[in-house]
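Colleague: Below: one structure in structure tokens.
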Amino acid sequence: MGSSFRSSSSRNEHEDGGDEAEHALQWAEIQRLPTFKRLRSSLVDKYGEGTEKGKKVVDVTKLGAMERHLMIEKLIKHIENDNLKLLKKIRRRMERVGVEFPSIEVRYEHLGVEAACEVVEGKALPTLWNSLKHVFLDLLKLSGVRTNEANIKILTDVSGIISPGRLTLLLGPPGCGKTTLLKALSGNLENNLKCYGEISYNGHGLNEVVPQKTSAYISQHDLHIAEMTTRETIDFSARCQGVGSRTDIMMEVSKREKDGGIIPDPEIDAYMKAISVKGLKRSLQTDYILKILGLDICAETLVGNAMKRGISGGQKKRLTTAEMIVGPTKALFMDEITNGLDSSTAFQIIKSLQQVAHITNATVFVSLLQPAPESYDLFDDIVLMAEGKIVYHGPRDDVLKFFEECGFQCPERKGVADFLQEVISKKDQGQYWLHQNLPHSFVSVDTLSKRFKDLEIGRKIEEALSKPYDISKTHKDALSFNVYSLPKWELFRACISREFLLMKRNYFVYLFKTFQLVLAAIITMTVFIRTRMDIDIIHGNSYMSCLFFATVVLLVDGIPELSMTVQRLSVFYKQKQLCFYPAWAYAIPATVLKIPLSFFESLVWTCLTYYVIGYTPEPYRFFRQFMILFAVHFTSISMFRCIAAIFQTGVAAMTAGSFVMLITFVFAGFAIPYTDMPGWLKWGFWVNPISYAEIGLSVNEFLAPRWQKMQPTNVTLGRTILESRGLNYDDYMYWVSLSALLGLTIIFNTIFTLALSFLKSPTSSRPMISQDKLSELQGTKDSSVKKNKPLDSSIKTNEDPGKMILPFKPLTITFQDLNYYVDVPVEMKGQGYNEKKLQLLSEITGAFRPGVLTALMGISGAGKTTLLDVLAGRKTSGYIEGEIRISGFLKVQETFARVSGYCEQTDIHSPSITVEESLIYSAWLRLVPEINPQTKIRFVKQVLETIELEEIKDALVGVAGVSGLSTEQRKRLTVAVELVANPSIIFMDEPTTGLDARAAAIVMRAVKNVAETGRTIVCTIHQPSIHIFEAFDELVLLKRGGRMIYSGPLGQHSSCVIEYFQNIPGVAKIRDKYNPATWMLEVTSESVETELDMDFAKIYNESDLYKNNSELVKELSKPDHGSSDLHFKRTFAQNWWEQFKSCLWKMSLSYWRSPSYNLMRIGHTFISSFIFGLLFWNQGKKIDTQQNLFTVLGAIYGLVLFVGINNCTSALQYFETERNVMYRERFAGMYSAFAYALAQVVTEIPYIFIQSAEFVIVIYPMIGFYASFSKVFWSLYAMFCNLLCFNYLAMFLISITPNFMVAAILQSLFFTTFNIFAGFLIPKPQIPKWWVWFYYITPTSWTLNLFFSSQYGDIHQKINAFGETKTVASFLEDYFGFHHDRLMITAIILIAFPIALATMYAFFVAKLNFQKR
């Protein structure tokens, strides 16, 4: 066998005898190496070494980026054919020496899954009232009282075998249990679901193996870190997943080849060895996966997110697949992996999976929504599900026969996959009834499932399951029994490398934080400047305030760590579930790499402030202060990271973080001295990091020699100051404090690690179900199905299209010589791209006409969405050239927004309103006022019925991928929201992506109905079935680079398109029953252009079709005789008052249904006030010394500042979510920015009032303030205005920053100024005159002024203040500058702050747009 291989190898793979001899010598050299080196050495081409050809011996672990790229390019030039050849060569090599691929047979018997749902009366909406009831019910449940719950069956007694070496397709309508089945089989089912039955891999139960490492589950949700590139994401996954059995297989193959004297193909040997080495930072397998999934073109592009430009949606979907298949697992469970991909790309991916399954004997189980016929034909087996049951599980060739036996037949031009998903639907089954002479009665899913089990195929499955799997036949490397693929030290290195990369990518955040810290330090040192600070008891109080302020600044500087941690948790939980790495390997790098950051920032603060403020000028004490501040900063970021891991969501974590900050402040011993705290609460002082910082810093300063001057009381000045604050400790407490801070850091990081290890993903929440829905599921399901008109097997228009007509003006849109450029990304410049601009659209000319439904198609990255954005005026960056006209007149964006609709690909909606409310809101704002309200409501209900949303009209929209509507329901809602606006021109970006065949047909029928009324409709579309594709009238086809290669009619059965391309020499003819959309994309691909040496764009530009289109564009670019340009009396459909009312209505509903935001802050205010009330119990009237007054002022200062901070931080996340929705609505011309902003501002008022009332009701009796009506009123007023300021500050910050993270960092700068200039740390008379103006523009200073002036400004009780006897009122005037006779002026100034912030918010919302398109 060896000699025959060598001879054939010589003939086929070596150019001449000399080369063969040289290779033989080089191979002999490799074979003489020790085993370890031999498995890492191979022959590769001499790339880039002059003109010298041949091969060289290299270590495959040291291949450079260019060598890896050229090696893959040589192996795979044309993906479909060359990938097949590569896999076959690998298989032949292994078979030659008798080595087999490992394989896995997956069995599941009588599998069932149930979910425990809470049953609620009425609508299952998370209102504030319902949430309060849930809290009460949870408490009852803990006490043993049974609550109203029901178990809902997701899967019911399903059985089957997923065989290796076969490609299996999972089909079924949304909600039938497909995802649950895939998760169950892959061992990734949520813990809160009850699972029964048996699942086995090669006869081993899931509890005997590690299913997450034996198989790979690929989710339908694309969760990735936005700051990493495509290549980095896949490389990290490859590194964590390891190489599995590849190393052992390679070792065995190499050993047997050496024993047999066989010389392998050098390219195959190099490839196999390179992908068999574990732990590499850069893997050749990554280059291979990038190539076969078409991601090589965006390998160095950042993934991006909604607010950061990155790869496209289709590329993200492929990246999700790539991230998992780069690993070594032999069983793949893939959930809707082709959503958002064009049919050609989808076909290519399925083809590659088929090759992997057939040649490497892999087990591949794929769920798809709309598989095109050619993709469907690639599968070997079909699993059809409905209502949690299996209707069919067997060979693809037999599925139609099964349904024919059941009395149903697939029409001639109907895709089989579409037929299978519709024939099990009660609404659509009748149209496929085979026996036309007999009446049709619905054949239920139960009946079909039982009939399948009675057939021979079903009996064979039962028979196979009854026989135990022969475990002795299992390949030793098939199953994984280890939780992790690499040694934990290697996984730790991988995680620390990624964390360092992310820190570099987020350098702006850290630079901004440092700049902010420097600014705060400059303010602090110039406020507390040494030239104004004497060594006496009064200024000793200022020194103490300054030390305390330093700890607070460094504490607040850790807040951004909370938001950055929360943002990455979803990716962490995904990778943790897939056993990429242990939680500690993720947690420790996040901790260790922040040490230099804490060191640097605390050093900057100490260096800037220490000598300028005038602390004791001894280097030893400078160093000791720096060490305490370093420990404080490191403890702070550890604490906030810990909070983020426990509370997981942005709003909850921010609320908890604010509460912890408040607790650390109040128990720090500054606002209330330790000696004045109630005895049973003093423990809070000793578990507080700020307390230890305060002790360490004060002992370090006030025990210095310069503070040892004896006082009349025979106590040193330093001891007197320490005693007044309850901090009279000896010097050894410095080291105790430093040790305690470092100990707390260890505790926080330990809790952080434990939380990551044991807490579930934040997406796992308890489901709710209404009593009506439960009754329907349990017994009256069939009766609840409305008698809707069935879908025909083709997309037909409604018999009465006129019912969709509301007054509108048909409009034509023409565009000529359209070009679009963007600045070249930095990543491309680094790859040698020298142009300044990157062209995404090139010389696009065309027209879209009324009543004509146009499809805009092209492969991923061809510029389809870009063209829509340019035409719709939605691009916020880049450079546009060319001319766009509307019915002959140049497009004016303001008026165009009134007559156009845009269905975005990303389905952005307000999460807290229902489906029907979303439509009513859109209709009310976008339909003209001449249409009366009754007609609008009827039209809304008509659209609900047309898009088949009436059954879920009361469902909450929810957050995509987390709660609320499913993907296909959200897509239909996106379409409905635009249709209900009755536009003349509608742009739809992939309206059928994410929908199953039936839902796609529903949407397209609605779109066709609307087009028939005379509207102009353009849709980008990726994977159309034959019937959806042929529902369009015209087609615009783009190639990569944004160049047009076809624009014209489709023709009957796509005849015009087929004829055009088949007339081009060399283009392959379309096969019978083949999808024209897929064929068209295949024959115009880049590989075909290269093979035929032609440019389809150039051919189109030289064609008669192009000339005819150009003439048509010229004709349509001229206005009709007597026509006039679009003109409206006002910019928006509704007047300002109607806009405000509509926005206020929606926001009021959203707030009422957002308990995570509103209930959290209301609860936070109550708990904070209660804790302060306990700690400062009855201190309000115990005013004997200035310290007693400071204590009471400290209580109000703490509540004013920290309740406000909590409001601001928790509001940021909520406002950012709504801002994304606002961008979409503003682009649609729904309202003015001022109407939206005012509605947002007004909606806050009742909730702020509730918080303020809570504050007064709790604080007043507990602290014991003077309880007259005027004093209570002014206290309520002061807190109300203060909280308005903080909430409106959050709105303002969101309006001026690009994302939540930057806003979170910027807010801490405001908090710093609000703190230092509040008049508590340093009273107004002591603030230097160059800074006193800042006191006047700080709202917290006026809040404290109003509160204390009203409360104590008229109290003439005498007190001992710094050794003098004064009245309370005179001390407030002299020390703080608070005047009782200026109450009204103070009140007016205070209310001006929220008004100013709200006005700035409205201004910047209108002027700034951070959405990059």
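For all residues, glycine too, the Cβ spot is worked out from N, Cα and C.
Pulled these from Swiss-Prot:
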- 1-21: region 'Disordered' (REGION)
- 11-21: compositional bias 'Basic and acidic residues' (COMPBIAS)
- 140-412: domain 'ABC transporter 1' (DOMAIN)
- Gly172, Pro173, Pro174, Gly175, Cys176, Gly177, Lys178, Thr179: ATP 1 binding site (BINDING)
- 509-529: transmembrane segment (TRANSMEM)
- 546-566: transmembrane segment (TRANSMEM)
- 580-600: transmembrane segment (TRANSMEM)
- 626-646: transmembrane segment (TRANSMEM)
- 652-672: transmembrane segment (TRANSMEM)
- 738-758: transmembrane segment (TRANSMEM)
- 813-1065: domain 'ABC transporter 2' (DOMAIN)
- 1189-1209: transmembrane segment (TRANSMEM)
- 1245-1265: transmembrane segment (TRANSMEM)
- 1276-1296: transmembrane segment (TRANSMEM)
- 1302-1322: transmembrane segment (TRANSMEM)
- 1330-1350: transmembrane segment (TRANSMEM)
- 1385-1405: transmembrane segment (TRANSMEM)
Colleague: Okay, the transmembrane segment (738-758) and the transmembrane segment (580-600): do they have at least three CB pairs under 8 Å, pairs separated by 6 or more?
Modeller: yes
Colleague: Tell me which residues of the chain lie with their Cβ under 8 angstroms from that of Gly175 (ATP 1 binding site), as long as they are six or more apart in sequence?
Modeller: Ser966
Colleague: What residues elsewhere in the chain lie close to the transmembrane segment (1330-1350), defined as a C-beta under 8 angstroms and at least 6 residues from its ends?
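Modeller: For the transmembrane segment (1330-1350), the sequence-distant neighbours (Cβ-Cβ under 8 Å, at least 6 residues beyond its ends) are 523, 526-527, 1193, 1196-1197, 1200-1201, 1204, 1270-1271, 1274-1275, 1277-1279, 1281-1282, 1285, 1313-1315, 1317-1320, 1324, 1372, 1376-1380, 1382-1383, 1386-1387, 1389-1390, 1393-1394.
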Colleague: Pop the mean pLDDT for the domain 'ABC transporter 2' (813-1065) in here, whole number is fine.
Modeller: 85
Colleague: Quick check: with Gly172, Pro173, Pro174, Gly175, Cys176, Gly177, Lys178, Thr179 left out, which same-chain residues have Cβ atoms within 8 Å of the centroid of the ATP 1 site Cβ atoms?
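Modeller: Going along the sequence, the neighbours come out as Met385, Ala386.
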Colleague: Which residues, sitting 6 or more apart from Thr179 (ATP 1 binding site) on the same chain, put a CB under 8 Å from its CB?
Modeller: Gln220, Asp335, Ser367
Colleague: Against which stretches of its own chain does the transmembrane segment (546-566) lie, if we need a Cβ under 8 Å and a gap of at least six residues from its ends?
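Modeller: Distant contacts of the transmembrane segment (546-566): 506, 509, 513, 516-517, 520, 524, 528, 590, 594, 601-602, 605, 609, 613, 629, 632-633, 636-641, 643-645, 648-650, 653-654, 657, 661, 664-665, 668, 670, 689-690, 693-694, 697-698, 701, 1209, 1300-1301, 1304-1305, 1307-1308, 1311-1312, 1315-1316, 1321.
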Colleague: Sort out for me which one of Pro173, Pro174, Cys176 has the most neighbouring CB atoms within 10 A, since those are the binding-site residues we care about.
Modeller: Cys176
Colleague: Same chain only, sequence gap of 6 or more: which residues have a CB within under 8 Å of the CB of Gly177 (ATP 1 binding site)?
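Modeller: Spatial neighbours, sequence-distant, of Gly177 (ATP 1 binding site): Val113, Ile154, Leu155, Met385, Glu387, Gly388.
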Colleague: Give me the non-local Cβ neighbours of Gly172 (ATP 1 binding site): same chain, 6+ apart in sequence, Cβ-Cβ under 8 Å, ordered along the sequence.
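Modeller: Listed in sequence order, they are Lys178, Leu384, Met385, Ala386, Gln421, Ile424.
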